[in-house]
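K.L.:
Before anything else, here's the structure in question.
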Amino acid sequence: MKNSSLVGWSLVIASSLFILLITGLIFYVGVNEQTIRTVLRFTSVTSVVPFLLVFVSKPCSYIQRLQEYSLWIENYRRYLWLILSISHLVHLFGIFVFVQLRVKQVPGYIWFTGGIAYLIIMIFAVMELVNSSIFDEVSKGVSDSFSKLIYVSGIWYIWLYFLFAYVGAASGYSPLTKGRQLFYTIPAAIIFIATALLHVLVRIRYKKLDSLSSE
């Protein structure tokens, strides 16, 4: 357990320093529209990676070949949430700089939907830090229905938020992007849809197995 904690905090510190270093180097070139957009793209990726790792850990626990991976994620889930929250705070800083330079007006619905996502991310990160056993019980299926509802609703909302962000960037409708950013947004959107399909397919399969075993 101590070794797991040491590795976890080392991962958080190393990831945070990496995100801050790269962001600092980008802004060192100059604070302008191009560098801000680069920071936003970079921090969106560093936020998405830890989130997707956590997001797919549950369905992977039902797949024999991926159970070891799922167990690793469960052991380090709290640290992945912390990395996600730190990365997205840096992303939020980039958005504020973007707004201050008056590059493009950010619509109110972006602040509203994004604000909810930020709130969920921060609350989950704090809960993982203070009492991670709550989400441990949810992942093991032994929690009360209310805790499960909160966690499942929150994590799917974040998934939807990220998906629409990447689809918006790919289509050119996102106020935080310039033109269509197809080179990374389309693959990201495909990955997000694939992770959702993984959830659905695993749920359908094991519901069928449960119904057959109960007959």
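For all residues, glycine too, the Cβ spot is worked out from N, Cα and C.
Summarising the annotation, TrEMBL assigns transmembrane segment to 7-27, 39-58, 79-103, 109-129, 149-169, 181-202.
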K.L.:
Could you check whether the transmembrane segment (39-58) and the transmembrane segment (109-129) come into contact, where contact means at least 3 Cβ pairs under 8 Å with the two residues of each pair 6 or more apart in sequence?
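P.N.:
The transmembrane segment (109-129) and the transmembrane segment (39-58): touching, no.
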K.L.:
Mind pulling out the one from 7-27, 109-129, 149-169 with the most Cβ pairs under 8 angstroms to the transmembrane segment (79-103)?
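P.N.:
Per the Cβ under 8 Å count, 7-27.
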K.L.:
Go through the chain and flag residues at least 6 beyond the ends of the transmembrane segment (109-129) whose CB is under 8 A from any CB in it; none is fine as an answer.
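P.N.:
Beyond its ends, the transmembrane segment (109-129) has Cβ neighbours at 77-78, 81-82, 84-85, 88, 92, 135, 151, 154-155, 157-158, 161, 164, 175-176.
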